[in-house]
Each structure stands twice: as C-alpha cells, then as structure tokens.
Ligand code: HGY
Ligand code: MN
Ligand code: MN
Ligand code: MN
C-alpha cells in the first residue's frame, strides 16, 4: 500500500491497515459488531470527533458523523468499514477516509457549509455475518422486513436481534428510520472500482450509471449421512455429490446466458467430518445480470439443471436477498461529472449501499480506479494519485453542494 501518511485523513487507510487482518485468507475480515469492526468504529469515531463532528449511531447500527446540526437536506457522504472474508483494504474504507479527508480540507480552508453535512458508515454492507448485503441501508430505508432481518443468523447461530443487543441497540427498533432518512438531501458514495472499467477507460475516476441486478440464493442438498469407510459407493445418497453437480450447473447456466455472472463462493457440509458422508450440504449462489429478467432467468436455469434426484438426494433453492437493477439519476450523475471536468460514467456489477438508497433519496457514486481490476481480494488496490483524485473530487463537489 502506498505511504499515505503525507495526506491527512487518507493516512487513515494506513492507520487501520493492521485491523482485522485475515491470516488464513490474506486481506481483511472485519464483520459486523465483531472485534475488528468494532475497532474500526472506534477509529472512525475518534477521527470524526477530531474534526469536531458529532458522532451518533442510529437504531440500525449505522454511524453518522455530523458537521453542523443534523439535517434536513444534508449532503451525506458515506460507505462502509466491514469487509468480505479476506477482503481488500479499499472496499469501503476508501470511501470513508476520503469523505473525512474532504471535510478536513474544507475545514482547513475555512469553508463554512451552507447546509448540514455528514459522513455515514453503514452497517453490514457485505452481508458477511448475517448473509444479506447492505443490511444497514436496507433496514434504514425499509428495503427489508425488520422481522425477517431480526431472525437472520450468523454462522454460530446468533440472530441479528441477539447481536444487536450486544451492540447496545434495541432489536425492537431495527427497521425503517424515516427521521434519519429524511435528513438526507443527497447521498454520495465514493468507492474503489471493483472491476476493470477504469483501467479500460484509462481514467482515474468515473461516476456510476447503474448497478447490475443481483441476489443471493441458498441451495440446500439433503442425503444420507454415513460412515465414509463402511458404506459402499452403490446406493449412497451423498449431498456433496449433488452439490458438486449443482456448482457445475451454475457455471454451465451462466456461460449459456447473455452475460449473467453466477458464483458459489461458500459451501458448508454437515457435519463436516473427513471420514463422514455428509447428511446435508448448503451452497450459496450469488447471481447477477444486466436486467432483473436475465438474473432471474439464470437462476431458473440453474434450478432446472439441479439433478439432485439422480444422486438420491433432495435439493431446494431459496432466495435470501434481491436487488433489482439500479439506475442512478442520470441528470444528477451528469451534473456531478460535469462539475468534475467531464469524468466518464460507468456501470458496475458490485452492489453498494448507494444502490439501496437510490430508491429513496437523490444518490450518486464516484469510482476510483483499481489498477489490478481485482476486488474482494487482498489484491485490490488504488494508487496514491488516484486516491487523491478521489478526495479532490469530493472536495470540489462539497464546495458546490454545500
Ligand atoms: O457483493 C457486492 O457486490 C458488494 O461488495 N457488497
Ligand atoms: Mn464489497
Ligand atoms: Mn463495498
Ligand atoms: Mn469411527
């Protein structure tokens, strides 16, 4: 990582570089209300208060740092600090530190905002603990049923409701927060790009035009658990074999589609012993496409290709989360792009809290080039020059918007 220490709050990426390192996978594992993420919340609070911002966590676990009195019609910059398992250093934190840096620069220049301004850190953007991405922004905006959310569980069986209590929240209050949402006049998220778009465009920055439709499905396979050595091959009902066929079916269906992307990145066997034929296997499907119809079509094709029955197993596919195609307000995007000297517009296959908020408040995104084109991986990267270009862009936009 470049030495950012010369650059104000961008040094923040340096400061948190040791928090939540995943020694097994490499990169970072920082999951909602667990030690690393709690450490990052403390770091964010300390950094924001050093800028004189008033920090407050809302009923859904999202943390707001206010420059001036909260709302209405606030300019809110934000992103997230949680990560996927083994995630990169920039996905989320770059947006947060860049927002703090832009505020710091305006303050240092004696700029007096004409409207409220906040930096917002969303909870559980990756869905790495409770399985639903953008959980904090979905709860805030009412894009998920609060009762459904409360019952979500993590890998150790702890429910969101139970974890919320540990985090000092009242689980009964999880859910739509019109007071908080109503304060947002415009939401602006800066984020490291997670594909090759800006490499191919040869540009450091872009404004977001759209986000692919995307969702998550739980594929469950049930068979007959048994002893690995005492059970002949004939007559086995092995759900791991059914899952293996399903994973190949995912690949076949996506390749046969018109550009859908489908991934199985997580699989769990019960009971998970080396010398045990599993009784059940669960594989999680992440499917995305340019349109809602195409995304749902590839999932239907995958479901149709599951030949679990020939392994003597049963298979079920259950939808766990869904976000239809997001199109950002083209006029707002064009206005911001023009203010920044005419930066390009770019669609993305990565979901973001901005994609959830766009349904409720004026929202825009800025992408910062990632020269590796790799994300959700320790190889995710952004150069110092491009990080600074992102901060300059936020500085310019805030001067115009505030
Ligand atoms: O999964 C996504 O696209 C995002 O990184 N949460
Ligand atoms: Mn991500
Ligand atoms: Mn992200
Ligand atoms: Mn034994």
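Cβ atoms are placed via backbone N, Cα and C, with glycine included.
The shown structure was predicted, so the numbers you read here are calculated from the model rather than taken from an experiment.
According to TrEMBL, the protein carries these features:
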type: BINDING; residues: 80, 91, 191; note: Zn(2+) 1 binding site
type: BINDING; residues: 91, 126, 376; note: Zn(2+) 2 binding site
type: DOMAIN; residues: 216-308; note: domain 'Peptidase M20 dimerisation'
type: BINDING; residues: 216, 275, 288; note: allantoate binding site
Cβ neighbour count within 10 Å of residue 288 (allantoate binding site):
24
What same-chain residues, at least 6 away in sequence, bring their CB to under 8 Å of the CB of residue 191 (Zn(2+) 1 binding site)?
79, 91, 92, 94, 95, 350, 352, 354, 365, 366, 367, 368
Report, in whole Å, the straight Cα-to-Cα distance of residue 376 (Zn(2+) 2 binding site) from residue 275 (allantoate binding site).
32
Which three-state DSSP class does residue 376 (Zn(2+) 2 binding site) fall into?
coil
What Cα-Cα separation, expressed in whole Å, is found between residue 376 (Zn(2+) 2 binding site) and residue 80 (Zn(2+) 1 binding site)?
14
Among all chains shown, work out which of the binding-site residues 80, 216, 376 has the most CB atoms within 10 A of its CB.
80
Ligand 3: which of the binding-site residues 91, 126, 288 have a Cβ closer than 6 angstroms to it?
91
Please go through the binding-site residues 80, 126, 288 one by one and keep those whose C-beta falls under 6 A from any atom of ligand 1; give the result in sequence order.
126
Are any of the binding-site residues 91, 126, 191, 216 near ligand 2, with a Cβ under 6 Å from it, and if so which?
91, 126
Candidates 126, 216, 288, namely the binding-site residues, that fall within 10 Å of residue 80 (Zn(2+) 1 binding site) by Cα distance:
126
Using DSSP, how many residues of the domain 'Peptidase M20 dimerisation' (216-308) fall into helix, strand and coil, respectively?
33 helix, 31 strand, 29 coil
Let's check the environment of residue 275 (allantoate binding site): how many other CB atoms sit within 10 Å of its CB?
8
Of 91, 126, the binding-site residues given in the record, which has the fewest other CB atoms within 10 A of its CB?
126
Inter-residue Cα distance where the pair is residue 126 (Zn(2+) 2 binding site) and residue 288 (allantoate binding site), in Å:
15
